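Colleague: Here's the feature list from TrEMBL:
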REPEAT    14-59  repeat 'WD'
REPEAT    60-101  repeat 'WD'
REPEAT    158-199  repeat 'WD'
REPEAT    200-234  repeat 'WD'
REPEAT    244-285  repeat 'WD'
REPEAT    286-321  repeat 'WD'
Amino acid sequence: MAKSMKLAGLKSVENAHDESVWTATWVPATNSRPPLLLTGSLDETVKLWRPDELELVRTNTGHCLGVVSVAAHPSGVIAASASLDSLVRVFDVDTNATIATLEAPPSEVWQMQFDPKGTTLAVAGGGSASIKLWDTATWRLVATLSVPRPEGPKPSDKSSSKKFVLSVAWSPDGRRLACGSIDGTISIFDVPHAKFLHHLEGHYMPVRSLVFSPEPDGRKLYSASDDGHVYVYDAEGKAIIGAMSGHSSWVLSVDVSPDGEAIATGSSDKTVRLWDFKMRAAIQTMSNHTDQVWAVAFRPGGGGRLASVSDDKSISLYHCS
């Protein structure tokens, strides 16, 4: 049996931001620099950090409310940040020049992610119950993928608010998009045909984070929910193929290691957990943080790193082996 991954604390930065740190992602390396960690905070700033010292490279300002999401283009050259002001700022990672400012009122902006080829930015549209797709060549809005409303006999049912879209994830081949809603529904779309395919059922509370497994398991989708569970779905076949429980509170974030072997989660129970999918079990619990953990992110490519950020204003970096 293959040995399971292990985490070891490498570095923590206290007061990395002035307020809660809500979001984090890795910017891929370019020819001229290593990968960088990108974080966003309630303090309205976005920060870039150099591994492994977590040395601050730059602080970006420009949002007038807390930063709820950050995303990095697969080239590592550009990135995007989104705030509660419903504006997305697209910027050059190395110069901080603003490349575009995106808004699609009255749609809000929650999680966002560039597709694997880097041609499209998908944005979870909150109360618009949709995903907005932006073309990265022109920065035009090219599609709106709407979550179908359930047909029900009760017109009084405020179903639209329940389809509030919080999270979004691309499949590794870029042909599928998944989004998670406040009512626990996960919706799958066929992107080339801009078509809704089906819902994935199982969660009954907000799904704040989704991630597809890398190839060759690209149909496998991991979800994190306030109901305390991580579900594993066959996104094409609509089936739950696994469930992982152990957090004592909301699961706020999930990510999968680049080799697809391990899953990390962050929770409002203040822990980061590492899971082995084959064992359907948590193999390690890290208690570095003193408040809820809003994001966990494995560094893409090799080098085995995981980062976590928290309401405690800190960043933790772990070595994965």
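All residue numbers here begin at 1 and follow the chain in the order shown.
From the backbone N, Cα and C atoms, a Cβ is placed for every residue, glycine too.
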Colleague: Do you know the DSSP helix, strand and coil residue counts for the repeat 'WD' (14-59)?
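Modeller: With helix first, then strand, then coil, the repeat 'WD' (14-59) has 0 helix, 25 strand, 21 coil.
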Colleague: What does the DSSP secondary structure composition of the repeat 'WD' (60-101) look like, as residue counts for helix, strand and coil?
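Modeller: For that range the per-state counts are 0 helix, 22 strand, 20 coil.
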Colleague: With Cβ distances under 8 Å as the criterion, find the stretch in 60-101, 244-285, 286-321 that has the most pairs with the repeat 'WD' (200-234).
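Modeller: Highest pair count goes to 244-285.
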Colleague: Would you mind listing the long-range same-chain contacts of the repeat 'WD' (286-321), meaning Cβ under 8 Å and 6+ residues beyond its ends?
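Modeller: Same-chain residues near the repeat 'WD' (286-321) but 6 or more away: 5-26, 28-29, 35, 37, 39, 41, 49, 51-52, 54, 249-250, 252-258, 262, 264-274.
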